[in-house]
Amino acid sequence: MGASARLLRAAIMGAPGSGKGTVSSRITKHFELKHLSSGDLLRDNMLRGTEIGVLAKTFIDQGKLIPDDVMTRLVLHELKNLTQYNWLLDGFPRTLPQAEALDRAYQIDTVINLNVPFEVIKQRLTARWIHPGSGRVYNIEFNPPKTMGIDDLTGEPLVQREDDRPETVVKRLKAYEAQTEPVLEYYRKKGVLETFSGTETNKIWPHVYAFLQTKLPQRSQETSVTP
């Protein structure tokens, strides 16, 4: 299989809008590893009505955060199926208790931290507007409507999702920072934190790629389909 004999245990961290999803999918495309998104895992369990999915849904329905022990159970249960693979966790651990619980089960080798200035993220996230009737999405920077605030086809007004409003974005970013700073510090002290800073995903990616080349076998061209 190449690289080292020991399998890689890694996690990726980054604020909402940091490009974490894009970087994760590129990592999965280029390297031999399993990508485990805690958000996808949660949705899948809720959809299938598993015991832990039902439990998690009760918190979500009440507008509460899912407790650390529930998220930890969810992820550790899934990781049992991935013991023979290199893996990359995405969206977990999000808090210090989650990181400590993960540590008791697995030795984490690398934590990739995408450090994108909050101002850049705020611009990215608040640039999105939608046409409620059709679900058409516009981005003020990349594909703006012909007339500001108006849907191209119907002439109806565009709206901004609650999540994309500047005040909501700022609140989410501050909450992320408060929650994850202790986690980053925890991994920094362990000497496994690798921070990649920048304002554009396409400029950050080559550095992440070069770093992972030293840690992981690459997919051969014939098998480079996403697992």
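Using the three backbone atoms N, Cα and C, a Cβ is placed for every residue, glycine included.
Since we're looking at a predicted model, the values are computed, not measured.
The Cβ of ARG161 (GTP binding site) has ARG128, ILE130 as same-chain neighbours under 8 Å, each 6 or more residues away in sequence. Here Swiss-Prot flags GLY17, GLY19, LYS20, GLY21, THR22, ARG128, TYR138, ASN139, ARG161, ARG172, THR201 as GTP binding site.
The secondary structure of LYS20 (GTP binding site), as reduced to three states from DSSP, is helical. Within the same chain, the residues at least 6 positions away from LYS20 (GTP binding site) whose Cβ sits under 8 Å from its Cβ are ILE12, MET13, GLY14, ASP90, LEU114, listed in sequence order. The N6-succinyllysine feature in Swiss-Prot is assigned to LYS20 (among others); the stated evidence is similarity to another entry.
Take the CB of LYS29 (N6-acetyllysine) and look out to 10 A: across all protein chains shown you find 12 other CB atoms. Look at LYS29 (N6-acetyllysine): DSSP puts it in a helix. Among the features that Swiss-Prot reports, N6-acetyllysine is placed at LYS29 (among others).
According to Swiss-Prot, the feature N6-acetyllysine maps to LYS34 (among others). In three-state terms derived from DSSP, LYS34 (N6-acetyllysine) belongs to an extended strand segment.
The annotation phosphoserine is assigned in Swiss-Prot to SER37 on the grounds of similarity to another entry. Around SER37 (phosphoserine), the same-chain residues six or more apart in sequence whose CB sits under 8 Å from its CB are SER24, ASP90, GLY91, listed in sequence order.
Swiss-Prot lists 37-66 with the feature region 'NMP', giving experimental evidence as the kind of evidence.
Among the features that Swiss-Prot reports, N6-succinyllysine is placed at LYS57 (among others), with the record citing similarity to another entry. Neighbours of LYS57 (N6-succinyllysine), defined as other CB atoms within 10 A of its CB across all chains, total 16.
The Cβ of LYS64 (N6-succinyllysine) lies under 8 Å from the Cβ of no residue that sits 6+ residues away along the same chain. Residues or ranges marked as N6-succinyllysine by Swiss-Prot on the basis of similarity to another entry: LYS64 (among others).
For LYS80 (N6-acetyllysine), other Cβ atoms within 10 Å of its Cβ number 8. Secondary structure at LYS80 (N6-acetyllysine), as computed by DSSP, is helix. What Swiss-Prot records for LYS80 (among others) is N6-acetyllysine, and it gives similarity to another entry as the kind of evidence.
If you look up Swiss-Prot, you'll see LYS80 (among others) marked as N6-succinyllysine, on the strength of similarity to another entry.
Remark: secondary structure over the region 'LID' (127-164) totals 3 helix, 12 strand, 23 coil, with classes taken from DSSP. The feature region 'LID' is assigned by Swiss-Prot to 127-164.
Secondary structure at LYS174 (N6-acetyllysine), as computed by DSSP, is helix. Annotation source Swiss-Prot lists N6-acetyllysine at LYS174 (among others), citing similarity to another entry.
If you look up Swiss-Prot, you'll see LYS174 (among others) marked as N6-succinyllysine, on the strength of similarity to another entry.
As annotated by Swiss-Prot, N6-succinyllysine applies to LYS189 (among others), with the evidence given as similarity to another entry. Secondary structure at LYS189 (N6-succinyllysine), as computed by DSSP, is helix. Neighbours of LYS189 (N6-succinyllysine), defined as other CB atoms within 10 A of its CB across all chains, total 9.
The feature N6-acetyllysine is assigned by Swiss-Prot to LYS203 (among others). Its Cβ taken as reference, LYS203 (N6-acetyllysine) is surrounded by 11 other Cβ atoms within 10 Å in the chains shown.
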Same-chain residue ranges lying at least 6 outside the region 'LID' (127-164) that approach it to Cβ under 8 Å: 172
Predicted model, mean pLDDT over the region 'NMP' (37-66): 94
Cβ-based isolation winner (fewest other Cβ atoms within 10 Å) among the binding-site residues THR22, THR201: THR22
Lowest local Cβ density (other Cβ within 10 Å) among modified residues: LYS34, LYS174: LYS174
For TYR138 (GTP binding site), nearby residues of its own chain (Cβ under 8 Å, 6 or more apart in sequence): ARG128, TRP129, ILE130, HIS131, PRO144, PRO145, LEU158
DSSP state at LYS64 (N6-succinyllysine), helix/strand/coil: coil
